[in-house]
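S.K.: According to Swiss-Prot, the record shows the following:
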BINDING   Cys497, Cys503, Cys543, Cys547  [4Fe-4S] cluster binding site
BINDING   Cys547  siroheme binding site
TRANSIT   1-54  transit peptide
Amino acid sequence: MTTSFGPATTSAPLKDHKVQIPSFHGLRSSSASALPRNALSLPSSTRSLSLIRAVSTPAQSETATVKRSKVEIFKEQSNFIRYPLNEDILTDAPNISEAATQLIKFHGSYQQYNREERGSRSYSFMIRTKNPCGKVSNQLYLTMDDLADQFGIGTLRLTTRQTFQLHGVLKKDLKTVMGTIIRNMGSTLGACGDLNRNVLAPAAPLARKDYLFAQQTAENIAALLAPQSGFYYDIWVDGEKILTSEPPEVVQARNDNSHGTNFPDSPEPIYGTQFLPRKFKIAVTVPTDNSVDILTNDIGVVVVTDDDGEPQGFNIYVGGGMGRTHRLETTFPRLAEPIGYVPKEDILYAVKAIVVTQRENGRRDDRKYSRLKYLISSWGIEKFRSVVEQYYGKKFEPFRALPEWEFKSYLGWHEQGDGKLFYGLHVDNGRIGGNMKKTLREVIEKYNLNVRITPNQNIILTDVRAAWKRPITTTLAQAGLLQPRFVDPLNITAMACPAFPLCPLAITEAERGIPNILKRIRDVFDKVGLKYSESVVVRITGCPNGCARPYMAELGLVGDGPNSYQIWLGGTP
């Protein structure tokens, strides 16, 4: 069985403190569609991987004068991601400068404006949290819920990387919102920007050794690659010291420079002044559990256990990534491929070596080609492995055999394995608002529950006592929050990015358009006689950057222009 991939061919200033987002009234029906040009085949087995790719990445000239993108200059002149952001946030202007717009990404925020309004731009900021494994404390959830009402647009957005997004925050409120998150067990540091982003792991709170080990490893990797120079706290809480603790193995791995990985005299020992060439994404999981879309990450880490279920080490994949540019076939989505196996005690050193290889060799002249996947595509996996091993100080061991991957959503009621239960609630496109927002707060607050965000934009209520199951089920049902068996299977697995009206990269609808699109797909299924239970995974993005991972969907719709999409078929999430 093979899986085929291929392309089908300014408003008035705000008077109120909240950004008003208009409703969407549907896409115009269109019979026009681009036709496939090149079919790109991918075996479904993880043991014989091919790549999603079109052509080779253009090599950077070694003889020409080294050029750098504008963002590289901004980073160099920023005093470790401080200037001019630290000055811009103090002005009365509703927006920040071009340089500060790039720097604030490292702090976990994007400057946006409502693209459906004409005239002068109504600027606001999207704030994204960083939650390794999707873990969210009770205190942080209630804080985010409050902030959405007080400073946002009244909704919370769950992302495909297990984080919150808070839209519509005005510049004058940024410091208040950021400081509130920091002081309530949260962080936005590194949720965006040219560094390691949120580290994914299965969200299910299963009391199994492999799951617990995967989640702890994800948290350790996140700590290892967190910025160290203090710029985040200097700007948002005036340098206030936030007490945190790190496992000693994380500190040791970060400080180790026995193979030339570090900048020894820098406040950023791993990143230096320039950080990474581009964003960097990592996921950790256990065999069979592909809730994290493991092969779409720059680094994919898989726990390997012995026959008794004891973790022994990790298989590592490298070079995945979804983003591309329309009609530029030197850009492409790509699946990660195996680089090798490492013992469990070496995982932090191996990950650090891969990150440093990208830091030193990734392109910094053209950001379209700056992701790790293009370096590996240009070099080939053998050369890449050889260079990584120099920083790692060891040879990778042969990749261990793995079973086939399965898509896991963890919706509904499940036993954790420690005497407690968890409940996975489906959230259409990750948007928590209205009655759902009110009811979730009521349940989470009443029972003092922690939650987890899944990579499929859903939410899990954790550590539920058996006696609470019935009243929680009743409360959710009375609010119209349906159990999975009552939700259309198309909706259960569908995902869409926010797109219009706030995303600056969107070229058509995604989140606001997907309800109507799914209804039309269901109508087609009914006409051809497909059973209700027979479904496909549908993912929609408003641009080719692939935030909802559409290239891995069985049916992927990728925005190609106003009210038009490329159609990508045959993925296996």
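Yeah, the Cβs are placed from backbone N, Cα and C, and that goes for glycine too.
A quick note: this is a predicted structure, and the numbers were derived from the prediction, not measured.
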S.K.: Can you give me the same-chain residues 6 or more apart in sequence from Cys547 ([4Fe-4S] cluster binding site) with a CB-CB distance under 8 Å?
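M.R.: Same-chain residues close to Cys547 ([4Fe-4S] cluster binding site) (Cβ under 8 Å, separated by 6 or more) are Thr159, Thr160, Met322, Cys497, Thr541.
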S.K.: Look at each of the binding-site residues, Cys497, Cys503, and point out the one with the fewest other Cβ atoms around it within 10 Å.
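M.R.: Looking at the binding-site residues Cys497, Cys503, the Cβ with the fewest others within 10 Å is that of Cys503.
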S.K.: Using the Cβ center of Cys497, Cys503, Cys543, Cys547 as the [4Fe-4S] cluster site position, which other residues in that chain lie within 8 Å, going by their Cβ?
M.R.: Pro498, Ala499, Leu505, Ala506, Ala510, Thr541, Gly542, Asn545, Ala548, Gly559
S.K.: Taking 10 A as the limit, how many CB atoms besides its own sit near the CB of Cys543 ([4Fe-4S] cluster binding site)?
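M.R.: Cys543 ([4Fe-4S] cluster binding site) is surrounded by 22 other Cβ atoms within 10 Å.
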